[in-house]
Amino acid sequence: MERTELKDDSSGEMTVFIPSETKNLKDQDSCVKFSDEKEDEEDEREHWTRGLDFILSLIGYAVGVSNLWRFPYLALRNGGGAFLIPYFFFLFMCGIPLFYLEVCLGQFSGISSMFVWKLCPAFKGIGYGMVIVSGMACIYYNAVLSWVIYYLINSFYPDLPWASCDHWWNTKCCVDRRVQGNQTDNTTESIFTQTAQCNDTSKLKTAAEEFWQYNVLRKSTGLDDFGEIQVHSAMCLLAAWILVCLCLVKGVKSLGKVVYVTALLPYLLLTIFLIRGLMLPGALEGIRFYVTPDFEKLKSLTVWVEACVQVFYSLGPAWGGLITMASFNKFNNKCFRDVMIASMADGLTSFYGGFVIFAVVGFMAKESNVSVSEVATQGPGLALVAYPEAIARLPVPQLWSVLFFIMLLSLGLDSQFGMFETVVAGLIDAFPKQLKKKRVWLTFGIAMISFIVSLPVATNAGIYVFTLLDWFVAAFCVMVTSLIECIVIAWIYGVDRFCEDIEMMIGRKPNYFMQICWAVITPIIMLVAFIFTCVKYTLPVYDKYIFPLHANIIGFIISFLPLLPIPLCMAYVIYHRGGSFSQRLCSSFQPDADWGPAPKHLRDEYQLKLEKRRHRPHWFIALFKRIKL
């Protein structure tokens, strides 16, 4: 290598000659540094533009159509106002701790739900299971959106098609309740004549019910008669998927803008409907029926378990959506505040929506001269039959119909966003170099595949397919996953470790109440709820149709499919570790080398802490080290 020469020039200053090799090395180092910085920028995970984007996304994810068509009915059936006692008890003891756990997990790691479980490699299958259950739910959940879109389109007709019995799909057993509500001699004679034309009075259906069953669904006799794909259902299903794609085409950047409409608009429309509903005759009787407490009901264990299950499924832990959305947070975001806002919004929206629903149900009961309990129902029957029927009796029904179905569409889209983004983000994290820059094509590709797979829902047997999937997809796996999740975080990874991770993020550890919930209270509640659900579990039924044996077998296979990756991944991880069986077992329960906080500048310090911990392992790991195999 050439020496560096020193030479005095005429000005008396010294000139330094640097050999060419040194210059090249310096330039190369600069280029390498610039290249690394550029690569880090490309690999850096995108973030929510504003903190409010994340809060509204959480609220939209938690608050869905079930808040309007399930919670009010459960409250009515389980003690009215008294049902709020077990509901909010489980919200604080089970719902919020699980919600907070998953949000912290996603925000700390900056990884989607598929790979966040590298904190305990033996349970990596949890992440795959979350993506599978979210993917399956996306397929049938969009059927609800397609029905809502079809109703919304029909709301622009001069006469609402579900308001009368003079359409091609109506039968001789169709009854127009608008006529039945006005007890005059002429109308009574009209009803009698219409009933006389029906050979079996037990088959009498309202105009709204016949529109739902014979126009929207055009249902067959059962799963053995699939019929053919209905063009109107298929087109609305395609429109629903396109709508989801357009909102998620740029990930959280586009989603963060959409949620300002989809998450806030339902509250405005709910308030409008409540004000309008309170002006209707019979509204107060319906609301009184809804909130009148029956404390005797609280003596039943069933009421408490149903409250727990409703909290659990409404908030949506163990689906992967919470972890995925939180992974786009900035590392130091005050996530506990966000969790409390979203959790309370979910619970209070359910309660508030009950007033809206039962104000109209009370009006329907008075108009039809029947009791509120005869009108009240749950599921699609409430949102797509009973409520549209009530809207048809209002002045300017087209206006109220459009507003109502826009509200349902907004509620449904938000929940769909979280589940669909779980699948997309999981695949991008699995293949970042190949897919990160092709997000648009990936989003539309997954959506089109999902659309094709979901086409059976658009057939004549679509409602039976929907019922089967809705009944089985999350029946067991979500509860089991939540239970395992708590055990892994609190007892294997260590609640003390997890609290230190949270302290690194937001500057303070969670309070002792939250730690006790993670370690003891929430797992016990989930275990009891799971056992009770298994004992009381009933097979699916739709409109008196009993599903055949092979359909129920397929349903149980579907329900356990998301749990299958857990034992398979555990066996794979343990098999590919080195050493004796006990050593493999120990290393499988230790965090992977690349586990740590999302910011890269904190990784080195964090890895040093992990190394120190390996010399003084968690009690769970120490237990396995005593095994001589």
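Including glycine, each Cβ sits where the backbone N, Cα and C put it.
Copied from TrEMBL, the annotated features are:
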- G60, A62, V63, N67, S314, L411, D414, S415: Na(+) binding site (BINDING)
- C165-C174: disulfide bond (DISULFID)
- 54-72: transmembrane segment (TRANSMEM)
- 84-105: transmembrane segment (TRANSMEM)
- 126-153: transmembrane segment (TRANSMEM)
- 229-249: transmembrane segment (TRANSMEM)
- 258-284: transmembrane segment (TRANSMEM)
- 304-328: transmembrane segment (TRANSMEM)
- 340-365: transmembrane segment (TRANSMEM)
- 402-428: transmembrane segment (TRANSMEM)
- 440-465: transmembrane segment (TRANSMEM)
- 471-495: transmembrane segment (TRANSMEM)
- 516-539: transmembrane segment (TRANSMEM)
- 551-575: transmembrane segment (TRANSMEM)
C165 (disulfide bond): tally of other CB atoms within 10 A of its CB:
19
Express the distance between the Cα positions of N67 (Na(+) binding site) and C165 (disulfide bond) as a whole number of Å.
31
If we count other C-beta atoms within 10 Å, could you say which of the binding-site residues S314, S415 has the fewest?
S314
Chain-internal residues, separated by at least six, CB under 8 A from G60 (Na(+) binding site):
V259, T262, A263, L411, L413, D414, S415, F417, G418
Listed in sequence order, residues not in G60, A62, V63, N67, S314, L411, D414, S415 with Cβ within 8 Å of the centre of the Na(+) site Cβ atoms:
I59, Y61, G64, V65, S66, D346, T349
Give me the CA-CA distance between S314 (Na(+) binding site) and C174 (disulfide bond), in Å, as a whole number.
36
Segment proximity, the transmembrane segment (54-72) to the transmembrane segment (440-465), 3 or more C-beta pairs under 8 Å:
no
Stretch-level contact, the transmembrane segment (54-72) and the transmembrane segment (229-249), CB cutoff 8 A, at least 3 pairs:
no
With Cβ distances under 8 Å as the criterion, find the stretch in 126-153, 340-365, 471-495 that has the most pairs with the transmembrane segment (402-428).
126-153
Roughly how many angstrom lie between the C-alpha atoms of A62 (Na(+) binding site) and C174 (disulfide bond)?
38
Spatial separation of C174 (disulfide bond) from V63 (Na(+) binding site) - C-alpha basis, Å:
35
So which one is it: of the recorded positions A62, V63, C174, L411, which has the fewest other Cβ atoms within 10 Å?
C174
